[in-house]
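Asker: The following feature annotations were taken from TrEMBL:
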ACT_SITE  443  active site, proton donor
BINDING   48, 286, 380, 407, 493, 501, 505, 552  substrate binding site
BINDING   88, 136, 137, 138, 181, 210, 286, 469  thiamine diphosphate binding site
BINDING   180, 210, 212  Mg(2+) binding site
DOMAIN    377-557  domain 'Transketolase-like pyrimidine-binding'
SITE      48  site 'Important for catalytic activity'
SITE      286  site 'Important for catalytic activity'
């Protein structure tokens, strides 16, 4: 399918137009992106060249001309965030990181999708400098970007709430490139709906509308009016008719930044694999190497030597690496604003420094509640009391529930809800910097949004639902574990003890499935005292997801937990009841609501002459981590 054989509609989608300050070097750089994408996939024999080729103008424009970022400091607090939700098109990001001087070099592009390389098959946070989030499972990136945008607003409220809009050092944008596949996933529908409700004017999503997937033309499965759907969500929507029209791309980004009360959705029409003469606009260019002949033909069309691979003109690389100068200048301007803020807000600056270091206040556990033997309390209720104490000590703590606040006991009492004032109801008072989150009945999005909040940094977020509904959250929980996101799940109604709702709501296999996720701490306290200490230990523990599995039913406060739990839960397991002899005949190990049964069983066994020790094991993962 040569260029001149494209339909009139597709011809319009590849018309090039540039702003007045665009140079021939910029054009050459964009075309270099296309051939590098083709070369990289051809070398490794697998990958996704098509979108990396057709998204070259958009990605280049964002990285070189739109985003506020600094290649010399990828953790700069004032940077814009970029999320490549279409994670299989990892070259879209890797090549820009190479061109911009973020730490990738040509050898890294040659090592695409190989073991130990800086360029794995999908972008991985904490692995490749400049990558903000691990993406790949479609939909997760866009949904987590909603969390990043929410966190940016919350961060502003913590540090600089009274600053005029756009004038705080904590004002920045979250940019996303998403795909047809992302928008078919249910998690993006959930998250995008909430983003519209939240009026996240700092969120800008570009949709790569190429209408091609692995099975070729998406019309076979996906033909709705996506733009109208996003209008219905409450987003500001625009359409760029050609992904080659840089002038229109920049204008759309500028209009999106000017829209402060709605998230922005920008449809960008592209021809996947452009300008590969025989494979563009086909499923064959989506997820496979072009083939040597097609790579050579593409290079000839773009004016490159077909005999050369992984080539970049020296003047082109020199031109794109000047991003470091522009980034340093923007960083310096921001630093002046930040220093002025710090001088005017010394207490907020102390808080900022503490949160940047992921430190907790000294003796933050001093006001944790305790309970005495003989009392009875559901651990979800004990969690509620603990949340109140922690929230008083930790201004960075916020959270909520997927429409189960009264059952999960997640409300911070006396605090407003997070959101624009316009969503205030008779039951809830909302303000932009509130602490109580309302995710709606969107469990999957809640987990993905929490990942984004955690990746953004500077707050501690928790989210609640019934344990059984963690099965709706599993993909995002697993991805959070891969990323070591600092997230806290409140999973209540954790056993058949939830009762009359029946088997649809009674988790049986759920704990085992969650415990199978590497780097997820599943925490199941035995009583109220353990619950309070488990919360504190979870906050102290390394950055990684933690899930507290809590009971619906009342549980007795066990003898010894008040004294032993502060140290015991931090070890993951401890001796709650010692046997009557130095060497026990039996050791009963239990978690959660079954610990009381183990204690009762031990009493009976001891009465029968069997020396029995009871071990409470609230977190097997923490126990395994010990030397």
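Here the Cβ of each residue, glycine as well, is placed from N, Cα and C on the backbone.
Keep in mind that TrEMBL annotations are predicted by a computer and have not been checked by a curator.
Note that the coordinates shown come from a computational prediction; the quantities given were computed from them, not determined experimentally.
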Asker: Within 8 Å of the Cβ centre of 180, 210, 212, which other residues of the chain have their Cβ, at the recorded Mg(2+) site?
Answerer: 51, 179, 208, 209, 211, 213, 218, 270, 272, 286
Asker: About how far apart, in whole Å, are the alpha carbons (Cα) of residue 212 (Mg(2+) binding site) and residue 505 (substrate binding site)?
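Answerer: Answer for this pair: 39 Å between alpha carbons.
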Asker: Highest CB neighbour count within 10 A among the binding-site residues 210, 407?
Answerer: 210
Asker: Residue 505 (substrate binding site): which of the binding-site residues 88, 137, 180, 210, 469 have a C-alpha within 10 angstroms of it?
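Answerer: Candidates kept after distance check: 469.
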Asker: Which Cβ among the binding-site residues (138, 212) has the fewest C-beta neighbours inside 10 Å?
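Answerer: Candidates: the binding-site residues 138, 212. Fewest Cβ atoms within 10 Å: 138.
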Asker: Between residue 137 (thiamine diphosphate binding site) and residue 286 (substrate binding site), how far is it from one CA atom to the other, in Å?
Answerer: 16
Asker: If you measure from the Cα of residue 136 (thiamine diphosphate binding site), which of the binding-site residues 286, 407, 552 is the nearest?
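Answerer: When the Cα distances are compared, 286 comes out closest.
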Asker: Which one of these recorded positions has the most other Cβ atoms within 10 Å of its own Cβ: 180, 443, 501?
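Answerer: The most densely surrounded of these recorded positions is 443.
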Asker: If you measure C-alpha to C-alpha, which of 138, 181, 469, 501 (binding-site residues) come within 10 angstroms of residue 443 (active site, proton donor)?
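Answerer: Of everything listed, what lies within 10 Å of residue 443 (active site, proton donor) (Cα to Cα) is 469.
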Asker: For a quick check of understanding: given the listed thiamine diphosphate-binding residues 88, 136, 137, 138, 181, 210, 286, 469, what is the maximum Cα-Cα distance in angstrom, as an integer?
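Answerer: Between the most distant Cα atoms of the thiamine diphosphate site, 34 Å.
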Asker: Need this for a regression test: binding-site residues 88, 138, 180, 181, 210, 469, filtered to those with Cα within 10 Å of residue 48 (substrate binding site). What's left?
Answerer: 88
Asker: Within 10 Å of the Cβ of residue 137 (thiamine diphosphate binding site), how many other Cβ atoms can you find? Include all protein chains, please.
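Answerer: Excluding its own Cβ, the number within 10 Å is 19.
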Asker: When the pLDDT values for the domain 'Transketolase-like pyrimidine-binding' (377-557) are averaged, what is the result?
Answerer: 98
